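Notes to accompany the following structure.
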Amino acid sequence: MPGYDFRDLTLDHVELYVDDVTGTAAALSDAYGFGTYAASGFPDGRVSDSYSVALGTDRIRLVLRAAQTDDHPGRAYVRAHGDGVCDIAMRVDDVAATFAEAVRRGARPVAEPVAVDGMVTATIGGFGDVVHTLVQRPAEVDPRVLPGFAMLDRPGPPGVGLHEMDHFAVCVEAGRLDDTVAYYERALGFEMIFTERITVGAQAMDSKVVQSAGGTVTLTILEPDPSASPGQIDDFLKSHRGPGVQHIAFTSENIVASVDALRDRGIELLATPDSYYDLVARRIELSKHSVAELRRLSILVDEDHDGQLFQIFARSAHPRRTFFFEIIERCGATTFGSGNIRALYEAVELQDAKVAE
């Protein structure tokens, strides 16, 4: 399609294959204040080959799906990877046109356009076992509505101040970073907005950030350096058994309040060495929050040319330690500061070392 630039493409929802929908939904609701707004199928496997619930808050929309039959793809996914992200879905104005143009540009077709319940969907490949479903809804339809789902109204507990999904961290095998970036640039019109090489001791990794033309879908893609000592990216690829989403970042307008609320609910967050905060005042003039608040809560701070960002990472509760959440507050910053990437790497390494003891 001449001139098509994918600017209508926006983040719609994220689907995870899980072993236990009910238990996972309850844990997310209790921790993050997510309410359940839709469901498909039945927990006991009646009628359908899977059971799903949709939950979230504000513009955060997650779908949890569990296979109910051995031939459902969710069964093989969970066996291979454990619970994890299987679909980063994107809303577009015209699914048929977007699908055709993406495939023309080299996207891997997974499911052709189909109309269900007044909506149109199609699916293209992404990285590893993660795909991208394209979703088209009439303008007047609730943006949470999904084909085959019945709407529900089950509010969660009070929220913790989270609003949308900022980015996804993706781990790929050594040598696959440039090809993965090129795929998103070519097939979906993404743009590379940040690149960084991180070296911590004898370990090293390379990262590139790609973002959709409209700015709502951001992938931080990381690969290990095979010439360096194995590190957390290697550990992820081994434990997850291939490429996948390592974490999802949720935005907050006040990260201090959000982290206080999460801690009150018993959520464990990664600790940052106290010495980190001794250097903060020397390298950054804080636009918001105090060094004392950041130190108390182990919140990281960094900046780019446009402003500052504050981040913290939840301790992984995944049995394989291959998935976790991040909380991020952006005060003008549009990309990522290299200092925080290094701090995250070191914090995860420290967590893994403690688990191994």
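Using N, Cα and C of the backbone, Cβ positions are placed for all residues, glycine too.
Automatic prediction, not curation, is the source of TrEMBL annotations.
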* Asked: TrEMBL records His167, Glu326 as Fe cation-binding residues. Which of His72, His81, His240, His247 is assigned to the same site?
  -> His247
* Structure fact -> Secondary structure split (DSSP) over the domain 'VOC' (10-137) reads 31 helix, 62 strand, 35 coil
* Asked: Taking the centroid of the Cβ atoms of His167, His247, Glu326 as the Fe cation site, which other residues of that chain lie with their Cβ within 8 Å of it, listed in sequence order?
  -> Asp166, Phe168, Ala169, Thr220, Gln246, Ile248, Ala249, Phe250, Phe313, Phe325, Ile328
* Structure fact -> DSSP output for His247 (Fe cation binding site) maps to strand
* To do: Take the domain 'VOC' (164-315) and average the pLDDT across it for me.
  => 95
* Asked: Counting only residues 6+ apart in the same chain, whose Cβ is under 8 Å from the Cβ of His247 (Fe cation binding site)?
  -> Phe168, Ala169, Phe313, Phe323, Phe324, Phe325, Glu326
